[in-house]
Amino acid sequence: MNTSVFLGSVAAVTLMAGAGMADTLADVKARGELNCGVNTGLVGFAAPDANGNWTGFDVDICKAVAAAVLGDATKVKYVPTTGQTRFTALSSGEVDVLARNSTWTFSRDTDLKLDFIGVNYYDGQGFMVNKDLGVTSAKELDGATVCIQTGTTTELNLADYFKANNMTYTPVNIDSNAEGEQQYMAGACDAYTTDASGLAATRAAFADPENHIILPEIISKEPLGPAVRHGDSNWGDIVRWTLYALIAAEEYGVTSANVEELTTSSQNPEVQRLLGVTDDLGAMIGLDKEWAKRAIMASGNYGEIFAANIGEQTPIGLARGLNAQWTQGGLMYAMPFR
Amino acid sequence: MSETHAQTVPFVRDTMLPPADPPIKEAGAVRWLRQNLFSGPLNTILTILGVLIVWFVASHFWDWFSHSVWNADSLADCRRIIAETWGEGARGACWAVIRERWNQYVFGFYPVELYWRPTMTFGLLFVALAPVLFSESAGIRRIVLVLTTVLTLWLMATLGAPAAWLVFAAVVLVGAILISERHVAWLLVFSVLYPLMGVWFLWGGSAWGPIMVLAGPVLGWIAWRLLGRVSALVATVAALVVPLVWWIVFAGDASRDAQGIVSLAIPAVDSDRFGGFLLSITIGVAGIVMSLPLGIVLALARRSDMFLVKTLAVIFIEFIRGVPLIALLFVASLLLNYFLPPGTTFDIILRVIIMVTLFSAAYMAEVIRGGLAALPKGQYEAADALGLDYWKAQRLIVLPQALKISIPGIVSTFIGMFKDTTLVTFVGLYDPLKSMSDAVRASTSWKGIYWEPYIFVGFIFFLICFGMSRYSMYLERRLARDHR
């Protein structure tokens, strides 16, 4: 995905002085509204509908945090950020949380002074080709022309991959996903590469999806997660454990439908702690007892959010894959609520 | 010869020949074709080439264009309808996306129940512009105002405006028509008040904010009158300082207090709800209105004899012209946050308007400087000979002629600036062309749609820019003094 290390660094360096004493939780509560940085529009992850209401996988994270902190999932101000402005928006304090399908990388976590609080979607870069090309593996793409979004980690991954496999390619630079689709459909490139979730969504929107295949190779790791600023660990904890609460809720079978019932009837000590029946975990992060319960009620647990926005029942139709619970062979693993 | 002799009465025609039709080659369409398209071998070849190109383009796009679908819920739905109607493999335009999302292209995310507010503001814009744009021709002004009145009231009623506001708009619009018939100059008062009114209508909130802003110049005027008896210099300084002090120190509290006493508020709409053409036109109109006077001042400053004034003007103009607009927009959206004291919220649209204004003012200054340079030196000398001081000479002699010469350049700058408003996409604002289209494509229903939004938005941009261009041609004809 997009990088803008320069602007981000400028932002980070300038802000370091003031960041030490920030109390984001108090700010958000005083404001009565959570400022959440989201994508300006990415299918399934964040998009405004005809009435300007935001929906999507990342948007539901914002809603869960707002529900946990403010008690109302609608108290979110969505700040659309572009690939260039997203990290600066976070470090300058314009947004409290950045839930914008951003890849967790070393330099962003350290140099840009961001704190990625977890991973809500494990993505990876893949290739899509026309069936007529007769290619079944990315290893056969030697000499191909590839449509690639400029200024992104995917561009660097592509160069790495072809170099490592001793192959050559001709890049066709594109600016946005829509343009990439258009170039690919017009035959300007043999293969289109971007995150696998994006490829699936793109392919689903084609008039003839059956004529295009997504190659099996995933050539990079793209762990996408929400991020907060350095320097306010309590706020980071709140966002991190809100995400864990959603993941844990799926693991323990707590859904938006049965959360009320389980609050009174569940005998599972972990569920009781999660929902604030026993112990007072919320107080340790400056919230009340029922914070996690509200977060789950906002849009459901992690599985429900996944299914509603990008899951197999939606037009995007992504399988859980790596994003299944650890008990199901995936990587979603919430730390214990204790 | 043998039959002719001296006595023969020479033949004298006593009736006129009946007028004959011109030869077929020299009449009607054929003549026009021969003159314009086939006047020589080169032009004939060029004509045939041109026809071929038009045919090539049309034959490739006609089927797409003619297979237009307006009623569908999603791109998949469109494709199904096209396949059913025109057979498998047919392609077609899916205008249904415009039918379903037109409101976002026009109003962005402005609350639906308040759509009438931008509509009214846009209608009143014409009332504010009419005395300026059509100051000389009562006929055109009447047509514009009547059309505006009818359309605005009809649209407002359709969009569900409250009755009280409908009455307000009707009073203002009809009043404007009546006043414009008798005393056009009075309408200029409305033009001056309009910016504050427009801001209040669009963003809403307490009316006391704009009123207190307005109080600044009024206080300045009072100070000027009171101190005028003491000293002209003191009075001038006070007239400038008093409004500034008022705005910076007192206006905020005063408007809050006044709001507490008498509540004059309409629902507030945040800047993040703005988008589409509402955003483009807001930025464009504000930029145009402010960049022209600023450009004039800069152009005069650059031709000034005063070293400091001239140097500052040159530095400003050359700096702004040497920096891409996108860089300025990034500064506005990102860097300003760090320079301003923490906690200051400085509206992003306001920041963008300021940057766009400065940017086009620099270009405007150079265009107007061209007009000033084109004016014969005799005009300046004549003004001096009449004993006019600098400002009077500029106002009465120099600028009217220089601006008239510069009209094509000025309007080009306006058009360019209006189109440049789409660049706000890079700072996360929803311009109609890219951001809004990307947002529409981000819904699962419309993912994969590409040309239709671009064509729609491009068409509207064309209408507006073409309108500006035609107006400038009208104005040039109107102001032509030399061939009367």
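Using the three backbone atoms N, Cα and C, a Cβ is placed for every residue, glycine included.
Of the given residue ranges B:80-104, B:380-404, B:405-429, TrEMBL assigns the label transmembrane segment to B:405-429. Ranges compared are B:253-276, B:277-300, and TrEMBL records transmembrane segment for B:277-300.
Listed as Cβ neighbours of the transmembrane segment (B:312-336) (distance under 8 Å, sequence separation of 6 or more from its ends, same chain) are residues 298, 301-302, 304, 346, 348, 351-352, 354-356, 358-359, 361-363, 365-366, 420, 423-424, 426-428. Under 8 Å from some Cβ of the transmembrane segment (B:163-179) lie the Cβ atoms of residues 116, 120, 123-124, 127, 130, 142, 145-146, 148-149, 152-153, 156-157, 186-187, 190, all in the same chain and six or more residues away from its ends. Among the recorded stretches B:41-62, B:277-300, B:405-429, the one sharing the largest number of Cβ pairs closer than 8 Å with the transmembrane segment (B:348-368) is B:277-300. Per-stretch counts of Cβ pairs under 8 Å to the transmembrane segment (B:114-133) identify B:277-300 as the leading one among B:41-62, B:231-249, B:277-300, B:405-429, B:449-468. Most Cβ pairs under 8 Å with the transmembrane segment (B:405-429) belong to B:277-300, among the candidate stretches B:41-62, B:231-249, B:277-300, B:449-468.
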